Protein chains: 4
Amino acid sequence: MTCGNFCDLTDFNHCRLIRLTKTGRRSLSHSISHSSTDSNSSGGSDAENPEDEVSPRDMQQINSKGNMDFCIKNIKLADFGRREIELAEDEMTALMALRKAAQGEKPLAAAKIVGCTHVTAQTAVLFETLKVLGAQCRWAACNIYSTQDEVAAALAEQDFPVFAWKGESEDDFWWCIDRCVNVEGWEPNMILDDGGDMTHWIYKKYPHLFKKVKGIVEESITGIHRLHQLSKAGKLCVPAINVNDSVTKQKFDNLYCCRESILDSLKKTTDIMFGGKQVAICGYGEVGKGCSAALKAMGSVVYVTEIDPICALQACMDGFRLAKLGDVVRHVDMVITCTGNKNVVVREHMDLMKNGCVVCNMGRSNTEIDVNSLQTPELVWQHVRAQVDHIIWPDGKRIVLLAEGRVLNLSSSTVPIYVLSITATTQALALIELFNAPEGRYKQDVYLLPKKLDEYVASLHLQTFDAHLTELTDEQAKYMGLSKYGPFKPSYYR
Amino acid sequence: MTCGNFCDLTDFNHCRLIRLTKTGRRSLSHSISHSSTDSNSSGGSDAENPEDEVSPRDMQQINSKGNMDFCIKNIKLADFGRREIELAEDEMTALMALRKAAQGEKPLAAAKIVGCTHVTAQTAVLFETLKVLGAQCRWAACNIYSTQDEVAAALAEQDFPVFAWKGESEDDFWWCIDRCVNVEGWEPNMILDDGGDMTHWIYKKYPHLFKKVKGIVEESITGIHRLHQLSKAGKLCVPAINVNDSVTKQKFDNLYCCRESILDSLKKTTDIMFGGKQVAICGYGEVGKGCSAALKAMGSVVYVTEIDPICALQACMDGFRLAKLGDVVRHVDMVITCTGNKNVVVREHMDLMKNGCVVCNMGRSNTEIDVNSLQTPELVWQHVRAQVDHIIWPDGKRIVLLAEGRVLNLSSSTVPIYVLSITATTQALALIELFNAPEGRYKQDVYLLPKKLDEYVASLHLQTFDAHLTELTDEQAKYMGLSKYGPFKPSYYR
Amino acid sequence: MTCGNFCDLTDFNHCRLIRLTKTGRRSLSHSISHSSTDSNSSGGSDAENPEDEVSPRDMQQINSKGNMDFCIKNIKLADFGRREIELAEDEMTALMALRKAAQGEKPLAAAKIVGCTHVTAQTAVLFETLKVLGAQCRWAACNIYSTQDEVAAALAEQDFPVFAWKGESEDDFWWCIDRCVNVEGWEPNMILDDGGDMTHWIYKKYPHLFKKVKGIVEESITGIHRLHQLSKAGKLCVPAINVNDSVTKQKFDNLYCCRESILDSLKKTTDIMFGGKQVAICGYGEVGKGCSAALKAMGSVVYVTEIDPICALQACMDGFRLAKLGDVVRHVDMVITCTGNKNVVVREHMDLMKNGCVVCNMGRSNTEIDVNSLQTPELVWQHVRAQVDHIIWPDGKRIVLLAEGRVLNLSSSTVPIYVLSITATTQALALIELFNAPEGRYKQDVYLLPKKLDEYVASLHLQTFDAHLTELTDEQAKYMGLSKYGPFKPSYYR
Amino acid sequence: MTCGNFCDLTDFNHCRLIRLTKTGRRSLSHSISHSSTDSNSSGGSDAENPEDEVSPRDMQQINSKGNMDFCIKNIKLADFGRREIELAEDEMTALMALRKAAQGEKPLAAAKIVGCTHVTAQTAVLFETLKVLGAQCRWAACNIYSTQDEVAAALAEQDFPVFAWKGESEDDFWWCIDRCVNVEGWEPNMILDDGGDMTHWIYKKYPHLFKKVKGIVEESITGIHRLHQLSKAGKLCVPAINVNDSVTKQKFDNLYCCRESILDSLKKTTDIMFGGKQVAICGYGEVGKGCSAALKAMGSVVYVTEIDPICALQACMDGFRLAKLGDVVRHVDMVITCTGNKNVVVREHMDLMKNGCVVCNMGRSNTEIDVNSLQTPELVWQHVRAQVDHIIWPDGKRIVLLAEGRVLNLSSSTVPIYVLSITATTQALALIELFNAPEGRYKQDVYLLPKKLDEYVASLHLQTFDAHLTELTDEQAKYMGLSKYGPFKPSYYR
C-alpha cells in the first residue's frame, strides 16, 4: 500500500474557507480583547475591517529572549495574551488537572507534534499542556479568521513556534502550515489536525514523513470524513483517532449544548417569548431531544417529526405529539430542523406557514431547509438584522428565516468553555494514547477514543461539579466482571 | 382638599434620567433601524454618538399635509417608521383586536389624553388605537434616550401631535411635556403616564386642569409610588389606575418573563454552561420561582434562600434545597438575587465565594447586592465587556459581577413584544374604564384594574395561542354563583 | 342577637354519614393493625363485616388505673394503640416540636375543649398535645366508621375521656357527642369540630354553653359552610376559625398533594401507562395545576380546559394546549375534572369518547361528571373492581369510570401523614389563638388563621426538610417595612 | 457438535419456583376475575387458599365441541375467560394490527410451536395470533401460580391444546410441559420459552427433536443466561432470539416503566410524600434515569451515585448532585438501588441512616441491598404490612425496608399492558423471523431481534398514540444512505 494523494479525494479548498468550527468562533465572541467582531460567523457576508498593515510574513519579529522561530501579528500583544491564557486555564480545570497529573511522567517525551487548529486562548492551554507533557510542537491555524493575535504573541514570547494571524490570505494559510512541517532537522511524528489540512499537506508534499508518524488526531467532522475516504481507498498509512465521536464529546455537543444553545440562539436573533408557543421540531436524535426538552421546559408546546419509529416512540413517551410536518406547519410559531437530512423543510411547507413563523436549523448540514426554493421572484427578502431575514409573500405574510438556514447555534450562540475543555482533553489523551500504544494495537484505520479514556475525560470533568464517583469494591468488580478502573460499559454504549 | 405640589413629594429629577423601563429598552435593541445601540441600558457608561445637529426645537418641520403641530427629529423618516409600526401591529394582535372590537363604539370619544411614555413602534400602536377609539391625544417621551425617531416621524406625518426625539436635553424633556399640556383651546381630561412626570408637571404648573381630568393611568413602579405618596398626603385629586400591578401583567413581568430572561441575560453576558452548575437563588417570590424553574430545567442544581416560611415550603415542595446563603456560598457557581430587599449579598458572602462565581441581580431594586462594599482598595475591578466586571481579590480569586448589581434583565435581555402588548392593552382598557366610569365608582385614590378587565386582557392575549376558552352554561354559572362573563375569581386572586 | 338553631340551617344528617374526610380514611388504610378495610372509602357499597358483639355502651370498661370515664370498643387494645400513636409521633415532627416548645408555657391552661374529629393515631397526637399544653378535653368521633379502636383504647388507658368506636350506629354517634358535652361539673369553653356536628349539637341542646365558649375551630368544608350560613343568618354567637383555608393547608391539599395523588389514584385503579397518553384536564386552579404538572412529567400530552382567562393564560404559559372539551374529547385517553363546578363532563362528551377512555374527578364536588346521564337502558355498567366501572355502549365501546364520579383521590389514594400534620398543627395553633386572643380581636364571625400563624405552621414543617430559613436583619426589616418575625406577606397572599 | 445436556448447566429447579416475571404478576392483580390475590408476589410468605379439589390431571374434561386435548382447572370458566381475552385484545392494538396485517400471508403456516409462558389473557392474545398466522401450538405454563384458569378454559373451549392451572405442583409443572412435547404425531419445530424450562426439558428428554427445530425465542433474563451458557459450552444446537434485549422492550422495561413504577411502588407500600424529600439513587443507567426523573418531577431532591464517569457526567448535566452513598446517607429520606450490582447498600450505610429512612431496590438482582447483614440479634424486624418491614435499632431508630430488598416494582407495581404488548409483539415477530429466515442467516447462537423488526415493533405501537411517522423521500434516503423502510440506525443504537 502506498500513502495516497489526499487532495484527490476531497474538494477541501472550497470548504476550508467557509468552514466554521465551534472552537474558533467562541473564543472570539467573548474575549476580553474586544477585538473580535466574529467575522467568520456570518459566512463572510460582513466586510472586514481593512487592515492595511505589513504582512507578518514580511516583518521579522523577535521575542524578548531573542527567538525568532514564529510568525505572528505583533509580539507586543504578549502580555495581554498571557492574561487571556491564564483566564482560560482557570476555567479548563480538567485539562489542567491532566497536565498536573502527567507532568512527572512526561508521556509525550520525544513526541514531535505538528498542529493545525484554531489559535485561541483555549487551544493555547492545550498546546502548552502538550509541551509540559514532554512534546515538541509546531502550530499553524486551521482558519484564516479565527486566530487571537494576542494569544499567538504570548506563545511566541515563550518560544513556542506558532505561525498564525487573524486575516491570513489563502497563500499565507498554506505557508504557515508549511512552516510547521518543513523545517531543517525536524521530523514530526504526530499530527493534531482540525479539518484535515495539515494531514492533506503532508500527504501531498512530504509523504515520506508518514514513515515516522505514529498517528493522527482529528477533531472535525470534515477531517474525519476525509480520513474515512482515505481509509476506504486503502490510502491511510497511519492510525488516526476520531476525537469528535467520543461519547463524552458527542453528548455535550449534541444533547447538553443544544439544550442551552437553542434558547440562546433564538433569543439572540428574535425577541420571541417561548411560553405558549407551538413549535415543530424535525428529528428526535440527540439534538432534537435537547431542543425539545429546552422548549418544553420554557412552556412551549412541541410537536416532533421523525422517520425512525424507535426515536418516534421515545418522543411519545417523553410527552411530545408525533406529527408530520405538513399536518402541523399551518399553526406552529417555529420550525426547527435537527435531522442531518436534506430538504426537510421545503417550499411547500413554507407556503403554508402562518405569518411570523420562525424557521431555523440546528442540524448538522446546511441543507435541511430548502432555502434555494425561496429564491423566487415573487418573494421579497428583507434583511432585518444579523442572522435574520424576513421572507415576504405576495399577500404580506412573512416568515422569519434565521442564519439563512445554516446551522443556527454555530452562528448565534457561544460554545461554553466547558465543551472546549472536553475537546482539548480528549485531544491530549488521544495523542498520548497513539504515541504510546504498543506496536499492533492500532492499524492503519480510523479509531474512536478507547472507552476507558473516554471515561477518563468524563471523570476529569466531573471535578468541576464537586461530584464524587463511587469506586467498585473488589467483590463488586468480580461480581460484575469488570475492572475496578473501567471501562464500565461496552464501547458502543452512549 | 387642594391638589398639592407633586414635586415636593419625590425627588423625581434624579431618578428620571437614569430610570430604565422595559418598554423603552426593548424596542431599541431589536429595531429594524439598526440605529440603536442601546444607550441607556448601561447606565450611561457608554459614550453617545455625538449628534451635532440642530435641535428639533430650532427647526420647524411640516408634514405632507401642511401640519406643523409636532416636534421631532426628522419628518423624512416617516415611511420607515410606518413600516416599523406595521410590523408591531402584526405582533400586537390583542391590542389590534381591541381596536377592531371597539372602533364602532368609540368609547374614548371626547377623551383628551396627554401621554408621557416611551415613543416606540409598540407604543405608537397604542396611541393610534386610542385615536381610533375616539380620543384626541398629545404625546411626549418619558425618557430622553428611548425615542425611535422614525416612529415619531410616522406619527407626525399622520397629524399626530408628538413631541419627542432621541437625545433630548433635560430642558427639552420638560419643554416637550409642556407642549402637550399647554396649548390654546386644549384642556386634557385624561393622563397616560409612565414615571409620573406628566402628572407632576400638571400638578406643578397647571393644577387647575385637574378639575376636568377624569383620571390618571400610570404604568411604572416609580410613578405609582409617587401617586401613593400623594394619596397618603391627601393630595391626590383624581382617581388613578395602577396598570403595573394587574394580575396578568405581573405574572408576565415577574414569572413568565424572568423564566426566560434569566437564561437569556446570563448567556448574553457570560459563556457559562448551566448544566451541572450549582446556583443560589435568593428569594422565592414570582421572580425567584421563574429563575429557579428555568435553571433547574437546564440541569442546574438550585439552592433557594427565603425569609418567608410559606414561600420556603413552596421551594421545598418544588424540589429545591432551602439554605442560608452563608452556608452554600462557598461552593456555588452563581448567586442570583430576587428579593426586592437590600444587602442580600454582602461583602462577607463575596469574600467566601469561589473563583469564577457569577453574581447578579434579578430583583426589583439595585441594592440587593452590596456593590459598594466592593469599592475597597485591595480589590481590583476589571471591566471585561458590557455588563461584566471581574472583581479580583488579592489572592487572585475573581468573581464575575453582572450589570454592576443593577437589575440584570433590564440591561441584558429583551422584553418580548408579547409583554409589551399586555401592558399596552391594559393601559387602553384602564383609560376606557376611567373615562366612562359612572360618577362615584372611583374616588381620589389609586386603583388596580378591575378584575373583569384584567381577565379581558388575558382573554385577548389567549388568541395568539390558538387557545379556546370554555364558557359557563347558565346552570353552571348559577351553581358557582358567578356571572357567565366574569369576574371568575376574587380580586386578590393571583 | 340570640344564638339560633343550627339544625334548621343545614340538612346535616344526610351528609354526615356519607361524608368522607381525608383524615379518617388515611389512617385506616395504612395502619399497622391490619384491621382496616377502608369501609367508608367506597361509599358504602362494600359489605361490612358483621360485628355481632355487645355494644360498647352496654359494657362498662375500666382502665388499669380504675378510671371509667370513656366508652370504647376494648381497653385491652391499649398497648397496641400506644405503639401506633408513638409511630405517628415519630412522623408528626412539627406538631411534636410545637408540643415541646409550648409545654412550659401551657397556653391552653384552663381550656376545656370538646372535640369531634376522626379518632386515629394522628389525631391522638393532636389531642395529647392539647393536654400537654394545659387543656382538658373530651372527645367523640366525627365519623361512625373511621375510629381506630386500639388508639381509642390507648387514650382511655391514659385517662383520656374518649367516646368512639368503629361501627357506631347513628344513635351511638349522637350519644357519644352528648357524653362529651353533658357532664356534671364540666363547662366546655372551646370547640374543635370536623363537620360541624358537635357545634350543631350544642346549638340545639345546650345553647347556654355558648356564653362561656371562646371559639370554634372547624376543619371541614361542610362545617365551614354551616358556620358561614349561621353567620349570614346572624346566629353565630362566637368567633370561629376556618383551618381548612389557611394558605399552607390549601397549597398542600390542592396543589402538592394532588400532584402526587392523581398518579397514585390512577395506578391503583387502572394499569394505564401515562407516557404518551393524551389527557384532558378540566380546570386549571391549584388542583388542575397539580394534576397537569404530574401527568406532563410522566410523559402525557395534556390539554387544559378553563373558563377563567387568567388561569387559561397560565396554562398556556406552562405549555398546555387550551381547548374546549368537546374539541378534544374524541381523541384523549383520559378526562380528569378539577373544577369545583357541575356537569363539566356530560353525556354528550361521553358519547364521543373513544374506546377505553378513563373518566374521573379530582375536583371538590361529586357532580363534575354527569354520572346520572349514564343511567340509561342502552348502556351496560360492568363493575370491574373497587372504584372501577366499565360503561359499555351498544356498539361495544366502553369507558372506564372511576369512583363513580366521586372525588377520586379521597377514594383511591392515601393522604400523606405530612398533610395530616399540617392540619393538626394548624388546629392546635387556632385553638391557642382563639383561647388567648384579647377581648375584641375576634368578633362573632368566621376567620382565617392569622397570616403569622400560618407562616408559623409552615416554619414548623420546614424542619422535616432540613431546610434553613434566612432571617431579616434589622436594617432589611426596616427597608421592607416588615417585622423580623412576620407576617411577611399580605393576608391574601397565596 | 452434539446437543448437550441443558440441565447440567444451570440449577433451574431452584430458581423456577420463586422466579417472578412481570407478565405473570400483572394480569393477576388487575384481572376482572377478582380471584387473584397475587400469591407469588410476596415470595411465598402469604398462605395459599387451600384448594381441596381434585387435580385437573385426575379429571378428564371435554369442551363443547367434544375435544379433550387440554388439561385445565374448569372448562366452565370459558365464557368468562373469553371476555377477559377480548378486553386484552382491545388494549393490545399493536399485536392485533400485526395479526390483521399478516393473516392473509400466514407466515407461520407449517410452524409447530411449543410454548411455555405465563398463561394469561395477554399471552392468550399472542397465542391466538400465532394460530391466526398459521401456526399449530401446544402450550404449558412457565409458573405454577400465574395461570388465569378462566383464560385457559377459554382457549381449551376453542380447541387450543393448553396444559396449565393455577396452583400446579412441581410434578404437575413438568407433566404439563411434557404433554406439549411428547404427543403422537407431533414434532415441534419452534420453541417459545420464558425461563428456559421448555428448552431444558427437550434438551433433557427429547434431544432428537432439535433436528427439526428452527429456533428458540426466549424472553426472560434467566432463560437467556442459560442459552448463553449453552452457547459458550458449544452445546446450543439451534439459533435463538433474545427478545428481552430489543431496544424497544429495554427502553420500556427499564426507563419508561420504571419512571412510573417507582412512584407507584412507593405509594402502594408507604404513605410517603415525595415533595421535598431527599433521595439517594444508586446507579444512573436507564432504571436510575427513570427513577431520578420521576422523583425530581414530584419535587424530591435527588442525589445520584455512580461508578461510571460517563453516566455520572450525565447525572450532573441532568441536574443531580453526584455523591458517594456514605456521604449523603445520614440525611436522605430514601435510598433506591438501581445498579445491577451487589452489596451497594451495606449494613454500615444502614447504621448511619436516619429514623424512618426508606430503603428499596429497583435494580435487576436481589442482592443490591445487603439484607443478610440485618439479620443480627440486636435488630428487631417488625412486619408492618405486605412488602414492608421495619428494622428497629437498639436506640429505637427504624428503617423501612421494602420487599425485603427484592426488586420492588416486581412486587408492588403492575406492568402496564402496553409493555406486555411490546413483549408479545416482539415474540411473534421473532418467531416469524426465525421460522422464515433463509438457510444460513442464523447460526447456532443467541441473537437480538434484527433492528428493522425492532423498529417495526415500535411503529406498531406508535398507532396507540395517534402518532404519525414521516417517510423519507427517495432523495432523502439516498442522501442519508438508508433504505426508506429502515433500519434507520445502527444495531447498537439505543
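First residue shown is number 1, and so on along the chain.
Placed from the backbone N, Cα and C atoms, the Cβ positions cover glycine too.
Note: TrEMBL annotation is automatic and uncurated.
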According to TrEMBL, which candidate in A:Asn182, A:Asn189, A:Asn409, A:Asn436 joins A:Gly285, A:Glu286, A:Val287, A:Gly288, A:Lys289, A:Gly290, A:Glu306 at the NAD(+) site: A:Asn409
Residue among A:Asp90, A:Asp149, A:Asp159, A:Asp194 sharing the substrate site, where TrEMBL lists A:Thr120, A:Glu219, A:Lys249, A:Asp253 as binders: A:Asp194
Residues A:Gly285, A:Glu286, A:Val287, A:Gly288, A:Lys289, A:Gly290, A:Glu306, A:Asn409 binding NAD(+) per the record - widest CA separation, whole Å: 21
Cβ atoms near A:Glu306 (NAD(+) binding site) (within 10 Å, other residues, all chains): 29
Distance [Cα-Cα, Å, rounded] between A:Glu306 (NAD(+) binding site) and A:Thr120 (substrate binding site): 38
For A:Glu286 (NAD(+) binding site), the one of A:Asp194, A:Glu219, A:Lys249 that lies nearest, given that the binding-site residues are compared by Cα: A:Lys249
Three-state secondary structure, A:Lys249 (substrate binding site) (per DSSP): helix
Cβ-Cβ distance under 8 Å to A:Val287 (NAD(+) binding site), same chain, at least six residues away: A:Asn254, A:Leu255, A:Cys258, A:Cys338, A:Met362, A:Gly363
Spatially closest candidate among A:Gly288, A:Lys289, A:Gly290, A:Asn409, the listed binding-site residues, to A:Glu219 (substrate binding site) (Cα to Cα): A:Asn409
Chain D neighbours, restricted to the binding-site residues A:Glu286, A:Gly290, A:Asn409, by C-beta under 8 angstroms: none
Where A:Glu306 (NAD(+) binding site) falls in three-state DSSP terms: coil
Rounded Cα separation (Å) that holds between A:Asp194 (substrate binding site) and A:Gly290 (NAD(+) binding site): 26
Surrounding CB atoms that lie within 10 Å of the CB of A:Thr120 (substrate binding site), all protein chains: 26
From binding-site residues A:Thr120, A:Lys249, A:Asp253, the one whose Cα lies nearest A:Asn409 (NAD(+) binding site): A:Asp253
Greatest C-beta neighbour count within 10 angstroms, which of the binding-site residues A:Gly285, A:Gly288: A:Gly288
Candidate nearest A:Gly288 (NAD(+) binding site) in space, where candidates are the binding-site residues A:Thr120, A:Lys249, A:Asp253 and distance is Cα-Cα: A:Asp253
Densest Cβ neighbourhood among A:Glu219, A:Asp253, A:Glu286 (binding-site residues), 10 Å radius: A:Glu219
Inter-residue Cα distance where the pair is A:Lys289 (NAD(+) binding site) and A:Thr120 (substrate binding site), in Å: 31
Intrachain C-beta neighbours of A:Lys249 (substrate binding site), sequence separation six or more, cut-off 8 angstroms: A:Val243, A:Val419, A:Ile422, A:Thr423, A:Thr426, A:Val457
Set of same-chain residues at least 6 away whose C-beta sits under 8 angstroms from A:Gly290 (NAD(+) binding site): A:Asn254, A:Leu255, A:Tyr256, A:Cys257, A:Cys258, A:Arg259, A:Ile262
